[in-house]
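Asks: Pulled the feature table from Swiss-Prot, pasting it below:
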- 1-16: signal peptide (SIGNAL)
- 42-131: disulfide bond (DISULFID)
- 43, 45, 47, 64: Ca(2+) binding site (BINDING)
- 44-60: disulfide bond (DISULFID)
- 59-111: disulfide bond (DISULFID)
- 63: active site (ACT_SITE)
- 65-138: disulfide bond (DISULFID)
- 66-104: disulfide bond (DISULFID)
- 73-97: disulfide bond (DISULFID)
- 91-102: disulfide bond (DISULFID)
- 105: active site (ACT_SITE)
């Protein structure tokens, strides 16, 4: 069910920041974003519950928390401006909400890149039913 939901979001959210975030992930990790992170652990992908399974999953947990602080726009559909400069992601929007969304995505992509060595194929396509431990607070 989670796979179908993510596929639907991919098709519906073509104009949203999904592809912007995916591009950041590819640049920072060298991994294909959808295949590697769309259904990973308890937090990478749509929604999340339980305890993050590893450092990679924790990056996604923190990203979810960051999105929770965004006001005045939908972070999953907001389109922002950014660039890649000298190996870094630079968010360039003057709109505070869009800049915040970009900074959330930037921080998560950097985190995933810094923790690419913790990536565990056992958490790919991880069933949310395994995420039963009490969720941490943001």
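Each Cβ is built from the backbone N, Cα and C atoms, and glycine gets one as well.
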Asks: Is it possible to get the count of other C-beta atoms within 10 angstroms of the C-beta of residue 138 (disulfide bond)?
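Replies: A count of 11.
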Asks: Sort the recorded positions 43, 47, 63 by C-alpha distance from residue 138 (disulfide bond) and give me just the closest.
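Replies: For residue 138 (disulfide bond), the closest Cα among 43, 47, 63 is found at 63.
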Asks: For residue 44 (disulfide bond), which residues of its chain lie six or more apart in sequence with Cβ-Cβ distance below 8 Å?
Replies: 37, 38, 56, 57, 59, 60
Asks: If you measure from the CA of residue 63 (active site) out to 10 Å, which recorded positions from the list 42, 43, 131 are inside that radius?
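Replies: If one measures from the Cα of residue 63 (active site), the recorded positions that come within 10 Å are 43.
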Asks: Looking only at C-alpha atoms, tell me how far residue 66 (disulfide bond) is from residue 43 (Ca(2+) binding site), rounded to the nearest Å.
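Replies: Computed Cα spacing between residue 66 (disulfide bond) and residue 43 (Ca(2+) binding site) is 13 Å.
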Asks: Compile a sequence-ordered list of residues in the same chain as residue 43 (Ca(2+) binding site), six or more apart from it, whose Cβ lies below 8 A from its Cβ; state 'none' when nothing qualifies.
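Replies: Non-local contacts for residue 43 (Ca(2+) binding site): 52, 57, 58, 60, 61, 63, 64.
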Asks: Taking the centroid of the Cβ atoms of 43, 45, 47, 64 (Ca(2+) site), which other same-chain residues have Cβ within 8 Å of it?
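Replies: Checked against the 8 Å cutoff, the neighbours are 42, 44, 46, 48, 49, 60, 61.
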Asks: Across all chains shown, how many C-beta atoms besides its own are within 10 angstroms of the C-beta of residue 59 (disulfide bond)?
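Replies: So the number of other Cβ atoms within 10 Å of residue 59 (disulfide bond) is 27.
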Asks: Of 64, 105, which of the recorded positions has the most Cβ neighbours inside 10 Å?
Replies: 105
Asks: Do any residues at least six apart in sequence from residue 73 (disulfide bond), in the same chain, have a Cβ closer than 8 Å to its Cβ, and if so which, in order?
Replies: 95, 97, 98, 101
Asks: Excluding near sequence neighbours, so keeping only residues 6 or more apart in the same chain, what lies with its CB under 8 A of residue 102 (disulfide bond)?
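Replies: For residue 102 (disulfide bond), the qualifying residues are 17, 20, 80, 81, 82, 91, 92, 93.
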